[in-house]
Amino acid sequence: MSTGAQSKAVVAGQHADGPRLLADVGGTNARFALETGPGEITQIRVYPGADYPTITDAIRKYLKDVKISRVNHAAIAIANPVDGDQVTMTNHDWSFSIEATRRALGFDTLLVVNDFTALAMALPGLTDAQRVQVGGGARRQNSVIGLLGPGTGLGVSGLIPADDRWIALGSEGGHASFAPQDEREDLVLQYARKKFPHVSFERVCAGPGMEIIYRALAARDKKRVAATVDTVEIVERAHAGDALALETVECFCGILGAFAGSVALTLGALGGVYIGGGVALKLGELFTRSSFRARFEAKGRFTHYLENIPTYLITAEYPAFLGVSAILAEQLSNRSGGASSAVFERIRQMRDALTPAERRVADLALNHPRSIINDPIVDIARKADVSQPTVIRFCRSLGCQGLSDFKLKLATGLTGTIPMSHSQVHLGDTATDFGAKVLDNTVSAILQLREHLNFEHVENAIEILNGARRIEFYGLGNSNIVAQDAHYKFFRFGIPTIAYGDLYMQAASAALLGKGDVIVAVSKSGRAPELLRVLDVAMQAGAKVIAITSSNTPLAKRATVALETDHIEMRESQLSMISRILHLLMIDILAVGVAIRRASTNGELPEAVAQAKARASDDETADVLDWLSHGASPAAKDVARD
């Protein structure tokens, strides 16, 4: 069964790839809508979650009801933490794999995000008609925004401005421990402790928490309460003037106000704090006349700070759709034209230069990338209405070795269900959780590096190293580990090498370098002034510098060649973990490249290098390649055959 409700905004054009499915899945109901164009949300329907065994069944029922046979892109806001592929709902019995659900429904993209993360993304677009201010002054533009809301659970999120966009915070703040502020709330806590080993704000401040408060106050007054009383009935009684229900609502709103004030202080939410969820909205004037605002401001020395922060009650009917639509649009924009997916950008840039037949393959890749990834070449050719050789020519036009190589690169560009973002490790994570996050973050950074690494710069660096008279590796602090590793690899090539992790030794040695010498400088920040001065001295004497660092740093700008390794771990206060792995990988790439060059180069080399190369036979150089674990020497192959 579903309740039909439709909402349609002003038409702003149609999505070229067809309507997008939007969903807002709560503990009780699942709401679905179609977005046929930017801002055009229609066919909103609500389905009780208990009526459907799985989320896939609910989605199929909706698509059948609205007579839509094909959806390419979908996004779901769900009342649950989302961390990885498997989602198991806390307040409902649905459990599903995001990727398996995407495949089962035939979507190209399926995003699943926390519902309050989605709601947070809707806040900047709310109009005055979609919110009611409850106290406070004027919100500060381009400042942090707080969000919380009681529904089946207590959602908490925030919105942080970053240049011309917003970043939503994923949070489970509703599970913070409840802290009573008066004797009445002490009674509520004591009552709740009899039922729950840990009493969080969600236990007393979400929808079901109103029943806890009601029963606690009834026990205080020695009143008998029906076994079936629920939040809806309590709110109805309060509107009818029932004294116990009114006190329950007042206590509930006071606790919510105190919690909202804590959220505002924690986030520094000068852009305002918004209250979403269904409970506060149903309270109506009972909420606006309650002690919510007074308790929001009651923070002792910081009362004046909070007096100026406005609080808003969200009145928009389906605000989560606006937020999840914005998140999906940003992901698809990144895929087709953003910096996070180089392969899609390359297709767009080269499209006009392709033949008409190759353009059809390009359009298939842009609009239906999953089809390219999953289908065999015969099906790809059929869908694009081209020959199979045309598919191969298209892949090679993009610089790929063939279809398999193109599929791999295309898959890494799909951010819809492949984890390409940084997952935070939290206190209390199990070894399984934090171990998976550390590995996923590292893998994500490596895939990003592969997509964005300038291989022309890599070739130039290998050329410089292969012709070097002497190579010195400089790294300070944690980067010295990378420098030492590089020294151990490169000394096997017969080139004089050394690694220095001390500034005084670097300065003394750099003063002796000249033409034909190379320094490989490894630095996460690329800003150490002492290191930069040392490199300036060496470069003025004719030495070349290869920098392994972050983009747009002073080191990257000074170096002869810069190999840039950007990633999420960018704060100076952080110990280099991911950056160390990326820097070590860059050394591996350079070492393998030099090993291959020295095994195959027949051109002229500097005299000292030529003599060293003469002392190392091709077999010995191949042994070095095998030693680097990226090749197999003839001897190793013989052993394998034996």
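A Cβ is built for glycine as well, from the same backbone N, Cα and C atoms used for every other residue.
Database features, via Swiss-Prot:
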type: REGION; residues: 1-340; note: region 'Glucokinase'
type: BINDING; residues: Ala23, Asp24, Val25, Gly26, Gly27, Thr28; note: ATP binding site
type: REGION; residues: 341-642; note: region 'Putative HTH-type transcriptional regulator'
type: DOMAIN; residues: 341-417; note: domain 'HTH rpiR-type'
type: DOMAIN; residues: 461-600; note: domain 'SIS'
type: TRANSMEM; residues: 576-596; note: transmembrane segment
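Apart from Ala23, Asp24, Val25, Gly26, Gly27, Thr28, the residues listed for ATP, the same chain places the Cβ atoms of Asn29, Ala30, Arg31, Gly49, Ala77, Ile78, Ala79, His92, Asp115 within 8 Å of the centroid of those Cβ atoms. Ranking the binding-site residues Gly26, Gly27 by other CB atoms within 10 A of the CB puts Gly27 at the bottom.
Per DSSP, the secondary structure of the domain 'HTH rpiR-type' (341-417) breaks down as 59 helix, 0 strand, 18 coil. The average pLDDT the prediction assigns to the domain 'SIS' (461-600) is 89.
For Asp24 (ATP binding site), the same-chain residues that are 6 or more apart in sequence and have a Cβ closer than 8 Å to its Cβ are Ala30, Arg31, Ile76, Ala77, Asp115, Ala118, Tyr318, Ala320, Phe321, Val324. Helix, strand and coil counts under DSSP for the domain 'SIS' (461-600) come to 69 helix, 26 strand, 45 coil. In the three-state DSSP classification, Val25 (ATP binding site) falls within a strand.
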